[in-house]
Amino acid sequence: MDLFSPAKLNLFLKLHGKTSHGFHEMTTQYQVIDFGDNLYLESSNEDSLVCNLPELNTPQNLIWKSLQVFRDYTQIRSPVAWRLHKRIPIGAGVGGGSSNAATALYALNEHFQTQLPNSVLQELGKKIGMDVPLFFSSGSAIGVGCGEKILPYKDCKREERFVLYFSDQGVLTKDAFSYVRSEDFSQREENISLYKKENDLEKSVFRFRRDLEEKKQMLKKMWSPFHAHVCMSGAGATLFVSYPRKLEIDPSIAKAIHATIQNSQGVLVNSLRKHSGWFPCPDNLFATTR
């Protein structure tokens, strides 16, 4: 079984305070995108995991946690072999590890024909990581609580395109949250549409990653002719640009946009939704422009 394991963006992320357990409460808009990894699953004589990034061939890989959670719930112990082809950078803030974990849960459910509904898979996903339940939604959702409570959201941003800018150095989630100050918190809004397209974690991350702050300012200047918006996803280190798809109707503007993407080494992506089953695999995962 070969499944696409997509990345996600946080189109906005607002922090509201801390829980009694020390976790940060938030409201965030998630969007799954057509860029990601591939995960292969097959029966085997013993459990194994092989990844094209050797540093992920460890017991700490969340795929192993998914397998354990699935086994605890179903009592199925048959050994399986995994192969993971990574494209999503480590520590990028676009849900690479969480997506792999969710994809693994879905794959196990299909492989062993256990017919667990999405509601159960979401609950199992919460035991693995805060972002994992997202991937059992349609791909467009609002996250509340600590981000793990998923609410459906129809606005899938098909009228926008996104350009990803990865960093050579990732950001650890624990570091991003450790620099948060009380003045970084935002008030809750009654209507989701009232939230500005901002990521409150930028304030904390930029305190120890000035290079990302400088990169954001550079991207804002570069993309200003196209009325584009620049934001950090999750805890970083990925920055992304969003711009109106309708701009590409004009051939000259479309040409200028694609030249900007190529010159800045961005990765052009689109929103991705599923209507049933799992997320479809895009035709071309390697091109920087499509």
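Glycine residues also receive a Cβ, built from the backbone N, Cα and C atoms like all the rest.
Taken from Swiss-Prot as is:
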| type | residues | note |
| --- | --- | --- |
| ACT_SITE | Lys8 | active site |
| ACT_SITE | Asp131 | active site |
| BINDING | Pro89, Ile90, Gly91, Ala92, Gly93, Val94, Gly95, Gly96, Gly97, Ser98, Ser99 | ATP binding site |
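The structure, with features from Swiss-Prot marked on it.
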residue: Lys8; record: active site; DSSP (3 states): strand
residue: Pro89; record: ATP binding site; DSSP (3 states): coil
residue: Gly95; record: ATP binding site; DSSP (3 states): coil
residue: Asp131; record: active site; DSSP (3 states): coil
Lys8 (active site) versus recorded positions Gly91, Gly95, Gly97, Ser99, Asp131 - nearest by Cα: Gly95
Under 8 Å by Cβ from Gly95 (ATP binding site), counting only residues of that chain that are 6 or more apart: Ala7, Lys8, Ile88, Asp131, Leu134, Phe135, Gly234
Env. residues of ATP site, Cβ within 8 Å of mean position of Pro89, Ile90, Gly91, Ala92, Gly93, Val94, Gly95, Gly96, Gly97, Ser98, Ser99 Cβ: Ala7, Ile88, Gly234
Under 8 Å by Cβ from Gly97 (ATP binding site), same chain, sequence gap 6 or more: Asn61, Leu62, Gly129
Neighbour tally for Ser99 (ATP binding site), based on other Cβ positions within 10 Å of its Cβ: 27
Same-chain residues at least 6 apart in sequence whose Cβ lies under 8 Å from Gly93 (ATP binding site): Asn10, Val171, Met232, Ser233, Gly234, Ala235, Gly236, Ala237, Thr238
Fewest-neighbour residue among recorded positions, criterion Cβ within 10 Å, set Lys8, Gly91, Asp131: Gly91
